[in-house]
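According to Swiss-Prot:
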ACT_SITE  His72  active site
ACT_SITE  Asn145  active site
BINDING   Tyr353  heme binding site
REGION    373-396  region 'Disordered'
SIGNAL    1-21  signal peptide
Amino acid sequence: MHMSKSFLLISMGLASISVHAQTLTRDNGAPVGDNQNSITAGENGSVLLQDVHLIQKLQRFARERIPERVVHARGTGAHGEFVVSGDFSDLTLSSPFAQSGKVTPVFVRFSTVIHSKGSPETLRDPRGFATKFYTDQGNWDLVGNNLPVFFIRDSIKFPDMVHSLKPSPVTNLQDPNRFFDFFSSQPSATNMLTWVYTNLGTPASYRTMDGFGVHAYKWINRKGEVNYVKFHWKSQQGVKSLRPAEVTKVQGEDFNHLTNDLYTQINAGNFPKWDLYVKVLSPKALSKLDYNGLDATKVWLDVPEKKVGTMTLNRVPDNFFLETEQSAFAPSNIIPGIEPSEDRLLQGRLFAYADTQLYRLGANLFQLPVNSPKSPVANHNQDGPSNNSTGLGNVDSLDVNYEPSRLVNLTVDKQARAVETPLSGHVQQQAIRNPRDFFQAGVLYRSLSEQDKADLIHNLSGDLNKVNDAEVKAIMVSYFYRADKEYGTRLAKATDVNLKQVTKLASM
């Protein structure tokens, strides 16, 4: 009797499910008759080409992947909001900073830089920290890293640098012989290499790392006055990194630790927060620095910061592919009141990042919800694959796809014009003057605790000891010696490089 009652309950449950279940369909909306068996010519006959459901499933499966990002391939996204902490309209007319308490929705994508999508998140690497602000002036992307500087200062070296850091085209393995061969002729990398080989190169979580805009940008107010700014996200959770032994332990237990931690904490209601700070310099003050303030390999030392707002991440994406994977960030996505500086690396990124997103996602990438502005879009960009918008907004005539027109009145916003900038000099192709490649690496080294110094030497010598070319190894050690004699001496000992050779190279 008990079994009969159970059977009856199960039968009723199945009947209930079948009544309320949604019908499986093909992409054209037609219902599917059988999703377990292909159509065949008899029990043991061939599968028929007319099985359009089977064909469509296989076709769609073969086309699920889009091109992987050439850098920043492995990423984790989250939604949130930015709240400005004051009225900074005296510095910029950009809307996120113009009214105290204003709330701007954001989407953030954290990432590793060099390694591929399936790589462990424990690997040493800078970490991407890209923030998309959905403002009422359009989307603004602040595309930065967890470290304040970069390896190179000119975008013409970017493809070479990435090639050297990526796996070998022969073995498909990342090889210190390759990237130190490249860096041995790039003394500008000394500062960034010091940063990335500290424990900051292996963060304990995305929540416990800072973010930096790296480059100088321009803020312009309504009077047309220009100031240079650098952006800094400060984690309210504090900065925590993994020491060498911890990296090995964590990788063996969970090589997705950064993503797991972020999503677990957000889903538990422990929303991570970052305060946004800016350093501000007038053009005159920038010109008086004893190093090039537009050099992406430098931080602005001894320039005070001011807090301008707080970001809170409070929602995990509903679908990884639709949001995180298809999110497209580019420094060229700017709004009135913010302009790029003359930083040579930034100038190249303005083109390269936008172009790689067009390659990955197509010309209509801004129609994807995660990239779509919250503000109205009205222009005459048209057609292309997967277009589902006229792009014209609430205009009177869809027949007019040009401007100017007497039939449709599209206006421009004069405050969005490029700020007038004086130019002088001659067209040239030369390195910057006064590069000062080594001194900030020394400042960083001397600021570290003894434990952090020891970990830096351990981390850096571990990769340098894999280099087969003795000259490359000696040159690299000489760069760090020029940054700080103690730094170079300890590194020479850890790598069995002759200190006399190092000092000779350092004096050249």
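In case you wondered, yes, glycine gets a Cβ from its N, Cα and C as well.
Under the DSSP three-state reduction, Asn145 (active site) is assigned to strand. His72 (active site) and Tyr353 (heme binding site) are 11 Å apart (CA-CA, integer value). For the pair Asn145 (active site) and His72 (active site), the C-alpha distance works out to 10 angstrom. For Asn145 (active site), the count of additional Cβ atoms within 10 Å of its Cβ stands at 25 [all protein chains shown]. Taking the recorded positions His72, Tyr353 in turn and counting surrounding C-beta atoms within 10 angstroms, the largest count is reached at His72. According to its DSSP assignment, His72 (active site) is coil.
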